[in-house]
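K.L.:
Straight out of TrEMBL:
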type	residues	note
DOMAIN	A:4-246	domain 'Endonuclease/exonuclease/phosphatase'
BINDING	A:N7, A:E34, A:D145, A:N147, A:D245, A:H246	Mg(2+) binding site
ACT_SITE	A:Y104	active site
ACT_SITE	A:D145	active site, proton donor/acceptor
SITE	A:N147	site 'Transition state stabilizer'
SITE	A:D216	site 'Important for catalytic activity'
ACT_SITE	A:H246	active site, proton acceptor
SITE	A:H246	site 'Interaction with DNA substrate'
Amino acid sequence: MKIATWNVNSLGVRLPHVEQWCRDVRPDVLALQETKLEDGRFPVAAVEALGYRCAFSGQKTYNGVALLARQAPREVLTDIPGLDDAQRRILAATVGDLRVVNLYVVNGQAVGSDKFAYKLDWLRKVTAFLAEELRRHPRLIVLGDFNIAPDDRDVHDPETWREQVLCSTPEREALKRLLALGLVDSFRQFVDGAGHYSWWDYRQGAFRRNMGLRIDLILASEALRPSLKAAAIDRTPRTWERPSDHAPALLELAA
DNA sequence: ATGGTCGTCCCACGA
């Protein structure tokens, strides 16, 4: 089965892209971030016409996460213990025999800013939540826009990005603590080298010049490790008209 | 020239 994550930067604008990509690639599970739609405006009918069931936690203008799946998502959870947060960044659900946690991690703006402190606090609380999810659901996938490039291989120009937001040591350490729960970055089970990115700034022709970061991740629990078959980032939708600044990341799991 | 683009919503702000 195929599991994917995609920051669409407004589902209102990108619904045609999601429809086209789902027809082309046929993922079984697709986690979306930055839908920027209130729940009442979520395109349920279009998603169902495409052959998917969905769950969503939306917000006007900012944030918003959703899960599309061939099988109906169950046990949906959008708020976690100890994090009283109006920002819609978390959606956990059970799909078949998998637990799936979709995250839109806080961007953090700049190292040392209030938003950066919020990012680190948010990650600490989400990590505690994931420890409990993993205990209850050993077959766990955690995926989404992490807004952290795990290491310098994931950065087009590590010197320019050194200790900048998305690449700083505190953020990378926070991600390592999350991984230490017993999760692996599935992409790195299959690809070792540098130069594979999932986000490119809209400015400066960054995509054309492959000046990107790999910040969209699919983490798999140890119990799933023997089932990992392939991982990739599909740059194709980034070449389409009016694209999201992110490309979808994919993981193939043995059925 | 110390920016450069988008999306949202009306004026900047967030990414």
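Quick reminder: no glycine exception, Cβ is built from N, Cα and C everywhere.
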K.L.:
Return the residues near A:H246 (Mg(2+) binding site) by Cβ distance under 8 Å, restricted to its own chain and a separation of at least 6 in sequence.
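P.N.:
The list for A:H246 (Mg(2+) binding site) reads A:W6, A:N7, A:V8, A:N9, A:D145, A:S198, A:W199, A:D216, A:R238, given in order along the sequence.
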K.L.:
Would you mind listing, in sequence order, the residues at least six apart from the residue listed as 'active site' in the same chain with a Cβ closer than 8 Å to its Cβ?
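P.N.:
Counting only residues 6 or more apart in sequence, the Cβ neighbours of the residue listed as 'active site' under 8 Å are A:N7, A:Q33, A:E34, A:N63, A:G64, A:V65, A:R88, A:R89, A:I90, A:G144, A:D145.
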K.L.:
Output, ordered by sequence, the same-chain residues six or more apart from A:D245 (Mg(2+) binding site) with a CB under 8 Å from its CB, or 'none'.
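P.N.:
Those within reach of A:D245 (Mg(2+) binding site), by Cβ under 8 Å and sequence separation of 6 or more, are A:N7, A:N9, A:W199, A:W200, A:D201, A:Y202, A:R238.
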K.L.:
Beyond the listed site residues A:N7, A:E34, A:D145, A:N147, A:D245, A:H246, identify every same-chain residue whose Cβ lies within 8 Å of the center of their Cβ atoms for the Mg(2+) site.
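P.N.:
Checked against the 8 Å cutoff, the neighbours are A:N9, A:Q33, A:Y104, A:W199, A:I215, A:D216, A:S244.
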